[in-house]
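Following: one structure in C-alpha cells, then a few remarks.
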Amino acid sequence: MTQPILQVSDLSVYYNKKKALKEVSMDFYPNEITALIGPSGSGKSTLLRAINRMGDLNPEVTLTGAVMYNGHNVYSPRTDTVELRKEIGMVFQQPNPFPMSVFENVVYGLRLKGIKDKATLDEAVETSLKGASIWDEVKDRLHDSALGLSGGQQQRVCIARTLATKPKIILLDEPTSALDPISAGKIEETLHGLKDQYTMLLVTRSMQQASRISDRTGFFLDGNLIEYGNTKEMFMNPKHKETEDYITGKFG
C-alpha cells in the first residue's frame, strides 16, 4: 500500500487567540493532486502556509499538532526551513515574478544554492519552462523582463521557478483565480501534466476545477475539515449535508 508523503495530524493554527484551523488531520499521497475547497476564511490557505512554515515570521501565529513530511517533523528545531521550502514549493494566488528576466526568475533559487555553471543553469531553465508548459512561448524572450508577460504567462513562469528547485510537493494557493478562463485552462493542463512527477495541494474556489483535475478533495468550513476523500465520490455522493450544499452552490 502506498505510504503518504505528507501527514497532518490534529493540526490547529491560531492567529492571536483566534483559531483559524481546528484539529485537522489529513494524509497526502505521492503523485496526486488534492483540492482544498470551502468558503473564504475556512482555513484552506492557512493549512498550506502551515505545511511549509510560512507563518514562522509572524509572531501572532501559533500552532499545535504535527506536520510530517516523509516521516520527519516539519516543526522540529532541526528542520532547515530553507531546505524545507525547496522540497515543498509554493505558488501564490497573484503571479509574483521578480523584476528581472525570465531566465533569472527561473534560476533564482539555484543561484541562492551557489550554482553558477552556465550549462547547468541553461538546462534547468529549459527543463523547468517546458515542465510549466511555457517554453515555446518564451524561449526567444528569456532575457526580457518577466513583468512584460501576460498574467497567465507570469504564473507559469512562477511555476517554472518552483520546479527549478526540484521540489517533491507543490502547494498552489488559488493559482488561477486572478486569470482569464483561457489562461486558467493552460495552468490546469500544466498541473495535470506535472502529476507524474510531483504531489500537489491546490486551493481553489472553482468546483469545476476541483472536479476536473484533483484525485482527492478536502472540504473546509469555519476552520474544520468537514469531509475528505476521493474527488469523484465526494462530488457524486457527498457524505455530509454541508458538503453537498457547498458543491451545489447553496452557499459559498
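Yeah, the Cβs are placed from backbone N, Cα and C, and that goes for glycine too.
Feature annotation from Swiss-Prot assigns domain 'ABC transporter' to 6-247. Per Swiss-Prot, the feature ATP binding site maps to Gly38, Pro39, Ser40, Gly41, Ser42, Gly43, Lys44, Ser45.
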Neighbourhood of the ATP site (Gly38, Pro39, Ser40, Gly41, Ser42, Gly43, Lys44, Ser45): other residues with Cβ within 8 Å of the Cβ centroid, in order?
Thr46, Phe220, Leu221
Which residue, of the binding-site residues Ser40, Ser42, Ser45, has its CB surrounded by the fewest other CB atoms within 10 A?
Ser40
Check the domain 'ABC transporter' (6-247) for me and report the mean pLDDT.
96
I'd like the Cβ neighbour count for Pro39 (ATP binding site), meaning other Cβ atoms within 10 Å of its Cβ, all protein chains included.
15
